[in-house]
Amino acid sequence: MKVTSYSRILIILAALVGALVVPLKAQDSQQDYVNAHNQARSQIGVGPMQWDEGLAAYARNYANQLKGDCRLVHSRGPYGENLAKSGGDLSGVAAVNLWVNEKANYNYDTNTCNGVCGHYTQVVWRNSVRLGCAKVRCNNGGTIISCNYDPPGNYANQKPY
């Protein structure tokens, strides 16, 4: 069978697209979300979280409701919740890292924040042991990441760990 120049170009393009798709999905798996959370938790001696498909379905359903305008509005549901967005693509691991970076704003001794730190405290909340997350592409090309936690955290006057 003779391969034409056009066929070679199509084969090369298919290989390139395949090579690009794999990295885009590389930090959005269930295990990627769990690992990113558990890495932050292990740094302070808090036990690991486990993936919960029911929480993931809740996160996916709610994130799909936000994709019209990509605005971050909390669901006010029964779970703890962290939301992140980007004007372009955002990986799940990058979203978790945004939340974990709020650790710099948290003072454990006084249990206070100097700026925003509630996303971080939810990630490391000792009693939150189940996790479910979703990534949704917004109509404007942006991305929303939603993670839900059970039991929820961030109770007033309680330390996360």
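Including glycine, each Cβ sits where the backbone N, Cα and C put it.
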Task: Swiss-Prot annotation, disulfide partner of Cys147 among Cys133, Cys138 - done: Cys133
- [ ] With Cys117 (disulfide bond) as the reference Cα, tell me which of the disulfide-bonded residues Cys70, Cys133, Cys138 is the closest one.
- [x] Cys133
Open item on the list: Within a 10 Å radius of its Cβ, which of these disulfide-bonded residues (Cys70, Cys113, Cys117, Cys138, Cys147) has the fewest neighbouring Cβ atoms?
Closed with: Cys113
Task: Integer Å distance between the CA atoms belonging to Cys70 (disulfide bond) and Cys133 (disulfide bond) - done: 16
- [ ] Please give the average pLDDT for the domain 'SCP' (34-149) in this predicted model.
- [x] 98
